[in-house]
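Just below is one structure, and these are the notes that go with it.
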Amino acid sequence: MYYGFDIGGTKIALGVFDSGRQLQWEKRVPTPRDSYDAFLDAVCELVAEADQRFGCKGSVGIGIPGMPETEDGTLYAANVPAASGKPLRADLSARLDRDVRLDNDANCFALSEAWDDEFTQYPLVMGLILGTGVGGGLIFNGKPITGKSYITGEFGHMRLPVDALTMMGLDFPLRRCGCGQHGCIENYLSGRGFAWLYQHYYHQPLQAPEIIALYDQGDEQARAHVERYLDLLAVCLGNILTIVDPDLVVIGGGLSNFPAITTQLADRLPRHLLPVARVPRIERARHGDAGGMRGAAFLHLTD
């Protein structure tokens with residue numbers, strides 16, 4: 001059996017998958033915030049419960065935000081303070097007496113989608129998350145591309161391209177990002193960015209679901225806003241596609257539930273690509289909340 005953990009700031013979620021990559025059992029517990037020992041105990045207790053339930057010693061893969069393993073072997077994960085700065089992989093491998101594999105949670109999302117039965121035909125899969133932030137991952141021939149610093153796929157921290165500023169106006173504000181830079185596309189293309197753009201142009205503080213509801217009702221202002229957002233997304237994604245040239249782009253995160261994102265994006269891309277470039281297939285993520293656990297479990301299938 002393959003155990004996949006999706007660990008975030010508030011929850012530790014475990015999914016157990018069989019050899020057919022089907023979910024057999026899952027359980028969630030709160031993430032301890034202050035005690036590293038309590039954090040390790042929470043993970044180990046879930047593994048012990050799964051081992052007992054299924055009568056085997058399952059493999060363990062973990063998806064977690066941040067850098068799973070820095071040069072000194074420690075985890076960097078600001079959203080998981082109890083474990084950040086600790087040698088998490090080594091400690092869990094020792095306590096569980098098995099090889100524990102860690103990767104960035106966005107890479108696990110992309111891996112889950114790349115291993116979907118419908119998508120395994122595509123050699124190069126790009127996962128794009130449009131949620132609280134903007135991120136993603138790259139999967140080549142069924143294996144995640146992590147890079148030296150585990151930051152492959154940190155698309156949200158690319159800066160707005162010149163074409164975007166031309167389209168939005170040269171006086172468009174370059175917002176300061178949590179990473180310390182200015183103009184990162186995450187500040188405009190995430191769910192919060194979607195809402196910020198609306199407030200910037202229309203001076204109304206609405207959340208993304210409220211704007212989308214207005215769009216569905218035919219509200220002209222909301223429709224104009226969505227058109228602007230999609231144009232901005234196409235400009236930014238065009239730059240990424242010129243570098244990566246994937247066969248498939250799978251979009252996840254809260255905004256992926258808005259059909260216009262996946263149905264109206266492809267037609268906007270050619271003007272931002274080289275004339276010989278082919279627009280990749282663009283699809284909504286198939287596995288929802290289980291995607292992180294699923295991809296983490298499959299880290300042991302990538303050898």
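We number each residue from 1, going along the chain as drawn.
Each Cβ is built from the backbone N, Cα and C atoms, and glycine gets one as well.
Swiss-Prot lists 4-11, 133-140 with the feature ATP binding site. Taking all protein chains in view, 27 other C-beta atoms sit within 10 angstroms of the C-beta of GLY135 (ATP binding site). For the recorded site, GLY135 (ATP binding site), the DSSP three-state label reads strand.
The Zn(2+) binding site annotation in Swiss-Prot covers HIS157, CYS177, CYS179, CYS184. Non-local neighbourhood of CYS177 (Zn(2+) binding site): HIS157, GLY183, CYS184, GLU186, ASN187, each in the same chain, at least six residues away, with C-beta under 8 Å from its C-beta.
Sitting within 8 Å of the Cβ centre of HIS157, CYS177, CYS179, CYS184, and not among those site residues for Zn(2+), are the Cβ atoms of GLY156, GLY178, GLY180, GLN181, GLU186, ASN187.
ASP6 (ATP binding site) sits 23 Å from CYS179 (Zn(2+) binding site), taking the Cα positions as reference. The Cβ of GLY4 (ATP binding site) lies under 8 Å from the Cβ of LEU14, GLY15, VAL16, PHE17, GLY61, ILE62, GLY63, CYS108, GLY292, MET293, ARG294, GLY295, ALA296, ALA297, PHE298, LEU299, each on the same chain and at least six residues away in sequence. Around the Cβ of GLY137 (ATP binding site), the number of neighbouring Cβ atoms within 10 Å comes to 30.
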